[in-house]
Each structure stands twice: as structure tokens, then as C-alpha cells.
Amino acid sequence: MTFFCSSNSLTIIARLRSLITPISDRGSLRPSTSIPVPRPHVSFTSVCIIFGQVCCIRNMASLATADICDSNGKHVPTGELRVLQPIFQSYGQRRAFSGPIVTLKVFEDNVLVRELLETKGEGRVLVVDGGGSIRCALVGGNLGQIAQNNGWAGIVVNGCIRDVDEINGCDIGVRALATHPLKSNKKRTGEMHVSVYIAGALIHEGEWLYADNDGILVSKHELSV
């Protein structure tokens with residue numbers, strides 16, 4: 001079985017490897033005038049398996065949208081499961097992400113976007129209804145870094161973002177209509193925690209969002225397959 005680990009995981013593994021006692025050295029102690037300190041008898045293979053499992057679990061944390069639709073298709077006609085129109089571009093390191101939704105409605109003003117991202121994300125997804133404006137960006141590299149540091153799983157923007165190279169280096173998932181180099185206004189206008197209508201779907205605070213390369217789903221409740 002092959003595991004794909006992030007650069008951070010590989011760095012940790014390298015550090016742990018330096019602490020591991022080789023099998024050939026077990027049972028022998030290097031000459032020393034001081035009392036030797038026992039070292040844990042852990043093989044590098046074990047460490048790789050442990051970290052491989054961690055990385056694998058992380059990558060599988062978000063359910064595949066296609067599997068969700070196959071298993072929960074009966075909830076689409078009722079509106080309990082909604083499929084957003086395929087109008088978004090994908091950014092950030094996380095191509096797949098999911099979590100409880102926090103909603104925000106603004107128009108060409110991102111002060112409230114920053115205020116929410118500066119709070120603890122706790123694995124949630126910020127859904128920003130920017131009115132579909134493509135005249136300025138609502139999220140940039142600084143906000144992407146803030147979102148990552150505060151534990152947000154992702155951001156969905158019905159509008160534009162900028163600093164794409166910086167956002168693509170952040171460990172979050174981002175969906176937006178397009179990119180735009182112009183920053184937004186700073187008047188602190190908008191509404192937090194209100195229902196928003198994006199990409200043909202009505203989205204409420206506290207619902208669950210699932211995103212991957214196939215698209216974006218919104219569910220009334222947390223789902224399983």
C-alpha cells in the first residue's frame with residue numbers, strides 16, 4: 001500500500017527517524033562514561049505506516065460528492081441535498097473538503113470576511129455570497145493564510161479572489177468564480193449568519209458542505225455513504 005504524505009509529515013518523519021535505534025544496534029550500548037539513556041525500539045517502517053495512515057485519513061476526511069449523490073440521491077428532489085451549479089474554479093491545496101457552513105452576504109466589501117476568518121474555524125466552511133460580482137476580489141493571500149492558521153476547512157466565494165499563488169500554497173480549499181487583482185472596499189457592509197442563494201441553491205447557516213473535483217454539495221445534515 002502506498003501512502004502520500006504532506007511535506008510537513010515528511011519533515012516530522014525525518015526528525016523521528018533520527019531518534020530511532022537501528023535494529024543492528026539493539027542489544028549493544030556505545031561506550032560512555034555516563035549512564036546511557038534508553039531509546040525507543042521503533043522501526044522506521046512502523047513510523048512510516050503510522051504517518052501514512054494519518055495522511056491517508058486526512059485525505060479521505062471529505063466524502064466524494066459522486067458517492068454522496070449515489071447514496072443519497074433520493075434527497076435531491078426534496079431539497080435536503082442540493083447540487084450547486086458548476087460555476088466555480090478550484091484553488092488552495094485541499095481539492096476536497098467538507099464541514100459545517102458559516103454564511104456571509106456582502107457586496108464588494110470584505111471586512112466581514114476577515115472578521116469571520118479571524119475566528120476559530122474548527123473545520124467549518126465559510127460560504128460568502130458576494131453577489132456574483134467580478135469587479136474586485138473578496139479573498140486574498142493574507143485571508144487565505146488566516147483561514148489556514150485558524151483551522152477553517154474551506155471558503156466558497158460567489159465572487160472573485162486574488163493572490164492565487166499564495167492561496168494555492170495554503171492548506172485550505174477555496175472555490176470562487178474567478179480571479180481579480182483589484183481589492184474590495186473596506187466599509188464593513190454586509191450580513192453574517194443569514195441564508196444565501198448561490199449557484200442555484202439556497203444555503204443556510206449550520207448546513208453541511210461537501211466539495212471536491214466533481215462539484216459542490218450542500219446537505220441539511222451531515223452525511224455518510
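Backbone N, Cα and C define each Cβ position, glycine as well.
Annotation comment: TrEMBL describes Gly140, Gly141, Asn142, Leu143, Arg162 as substrate binding site. TrEMBL lists Asp163 with the feature Mg(2+) binding site.
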Site with most surrounding Cβ atoms, counting all protein chains shown within 10 Å, from the binding-site residues Gly140, Gly141: Gly140
Cβ-centroid neighbourhood (8 Å) of the substrate site, Gly140, Gly141, Asn142, Leu143, Arg162 excluded: Ala137, Val139, Gly144, Gln145, Ile161, Asp163, Glu166, Ile167
Residues that sit under 8 angstroms from Asp163 (Mg(2+) binding site) by C-beta distance, when 6+ apart in the chain: Ala137, Gly140, Gly141, Asn142, Gly144
Neighbourhood of Leu143 (substrate binding site), C-beta criterion under 8 angstroms, separation at least six: Asn110, Val113, Arg114, Leu117
Neighbour-count leader, CB within 10 A, binding-site residues: Asn142, Arg162: Arg162
Maximum Cα-Cα separation in Å among residues Gly140, Gly141, Asn142, Leu143, Arg162, which the record lists as binding substrate: 10
